[in-house]
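Trainee: Below you'll find the structure I mean.
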Amino acid sequence: MESQASENGSQTSSGVTDDYSSWYIEEPLGAEEVQPEGVIPLCQLTAPPALLHACLASLSFLVLLLLALLVRRRRLWPRCGHRGLGLPSPVDFLAGDLSWTVPAAVFVVLFSNLCLLLPDENPLPFLNLTAASSPDGEMETSRGPWKLLALLYYPALYYPLAACASAGHQAAFLLGTVLSWAHFGVQVWQKAECPQDPKIYKHYSLLASLPLLLGLGFLSLWYPVQLVQSLRHRTGAGSQGLQTSYSEKYLRTLLCPKKLDSCSHPASKRSLLSRAWAFSHHSIYTPQPGFRLPLKLVISATLTGTATYQVALLLLVSVVPTVQKVRAGINTDVSYLLAGFGIVLSEDRQEVVELVKHHLWTVEACYISALVLSCASTFLLLIRSLRTHRANLQALHRGAALDLDPPLQSIHPSRQAIVSWMSFCAYQTAFSCLGLLVQQVIFFLGTTSLAFLVFVPLLHGRNLLLLRSLESTWPFWLTVALAVILQNIAANWIFLRTHHGYPELTNRRMLCVATFLLFPINMLVGAIMAVWRVLISSLYNTVHLGQMDLSLLPQRAASLDPGYHTYQNFLRIEASQSHPGVIAFCALLLHAPSPQPRPPLAPQDSLRPAEEEEGMQLLQTKDLMAKGAGHKGSQSRARWGLAYTLLHNPSLQAFRKAALTSAKANGTQP
């Protein structure tokens, strides 16, 4: 009996076990987990990112050491070579003749890496930050300090990549080729193995890396080309002296007679196309022969375009795919959800589904339209601001006073001017990012309000809230419109008369009566104008937030605008330190033929007979030598004219020596 009971118990338990196991027969077992639909699995690279970045960091440090040895060997004085290594400069921002392509590409690569830090859980690739458990049982990790450290790591990582171009040597070009190929190869390898990423959007990492890949690809082609050219033309020793091609071209363009092509045809005889071209030429930036924008302005413009792309991409992929998923998942249950809030769109549930989907599609279209409008306005204002930069720099170069509020008191460098010059590109990039974000919010609210208050009600014939409000308040709007129209008509036909060709005020009594009677109505008009003033000023400041060449504050408070203050100081440094006219004049002085060195003269106390006879012969042949000294005389006059120009041009005051202020006649100093 006991055995039977035990058998029955075992059968019962096994049966129960079989019954329980049948409950989970459709569940995935063990490691055979199925990913939900639409979820991108985490991709594992063949080589760990920590190992790749450790190799890149080591290679960059080695290249930097080799460049330091090269700079110490080539550029430092031999007697000072044992004191330390010469740190190569990544970019010479004040040089006018250097190519802007390599610095712009390096800055694009650096900024793109910083943009990729936003969704990354590991700011430093060679550190694997694991989440720590909090006392509440939740997983938390403080990544803020590591992201701040990454802001210093990436500039140090790409420092040698930019310094190889500024060294201008065959060995530097070879090191730049190896380093650029290594960076480009690692990025291509990572994106080829893992093109999709579950963070934010599956293709966001790949799309955000396009500027990075373009910049590294350009550098991986530029360095080999420069290496081949240096080997072919034997220019490995580098160029010596001042680079004067741009400064001499600027001087020739400045001194040559200008062609007045625009004045040859009257404005009345121009066609519509020519007028449009002239308007665009005066409104946006077009290249001008003989003038080149400073390197920092070119870099800031490039970074503004890159920042616009990165911010627009982030705004697009973080909202539009989510709205599309929500629209695709709408079913008849949404009618019950809306009914819970007291919203009944229709009695037919299927019609409610179609209406909700159409409204979501309208929101998506308004969002994309606002994003396109924001990007277009940013690019147009960027092109227009480049023309303003050029006009301001040309005015400072010729010594004119700029129409700035407050005006520049002096172009001498100062502490604030140097700090502003250092941070100009970074400020411009940050202002562009924030300006695009604010523009997107304002334009999206405007387009959405216009769509749901005007277009959607007119298409569906329901929810005509705007038309109903106008229907109920039409007496107010009619009164305001009539008051404004009648005041303008009375001002033109009753209170003004033309006397001897000049307008004069008349009917003063009627003018005072109308002013008193219309005071309450004008208060209503003033309230409307106040709202319009707030809207138009907000829109204007939003659109021009990314521009630093104009102040968003009134003239009396323009100095409180940090962006405008930075721009003024930036112009001060550029005008005082990279004046192309000064560089050209100094190059002409350095390249001028120097007189032949003469042997040192003996003391003048006693002359030997031979020297006395030689002096007599020189006195006799003075007239003959004066005939052949015409060329030297003209050269001396040209040098005196150059010195006079350098001394009296107000835009060149920063280049004068302080000793010239106390100079005496014939150059003798006290």
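Using N, Cα and C of the backbone, Cβ positions are placed for all residues, glycine too.
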Trainee: Look up the topology recorded in Swiss-Prot and say whether GLU121 and ILE573 end up on a common side of the membrane.
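Mentor: Membrane side for GLU121 and ILE573, as annotated in Swiss-Prot: different.
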Trainee: According to Swiss-Prot, which residue among ASN128, ASN666 is annotated as N-linked glycosylation site?
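Mentor: Of the listed residues, Swiss-Prot records N-linked glycosylation site for ASN128.
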Trainee: Region 'Interaction with RBP1' per Swiss-Prot: which of the ranges 235-294, 595-654 is that?
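Mentor: Feature region 'Interaction with RBP1' in Swiss-Prot: residues 235-294.
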Trainee: Treating G and I as helix alongside H, and B as strand alongside E, what does DSSP give for the topological domain 'Cytoplasmic' (496-510) in helix, strand and coil?
Mentor: 3 helix, 8 strand, 4 coil
Trainee: Would you list the DSSP helix, strand and coil counts for the residues of the topological domain 'Extracellular' (190-205)?
Mentor: 6 helix, 0 strand, 10 coil
Trainee: Is the transmembrane segment (51-71) in contact with the transmembrane segment (169-189), using three or more Cβ pairs under 8 angstroms as the rule and ignoring pairs under 6 apart in sequence?
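Mentor: Counting Cβ pairs under 8 Å, at least 3, so yes.
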Trainee: Please report, as numbers and ranges, the same-chain residues at least 6 past the borders of the topological domain 'Extracellular' (445-474) whose CB is under 8 Å from any CB of it.
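Mentor: Result: 355, 359, 362-363, 365-366, 369-370, 373.
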Trainee: Taking helix as H, G and I and strand as E and B in DSSP, count the residues of the topological domain 'Extracellular' (318-368) in helix, strand and coil.
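Mentor: Counts, helix then strand then coil: 39 helix, 0 strand, 12 coil.
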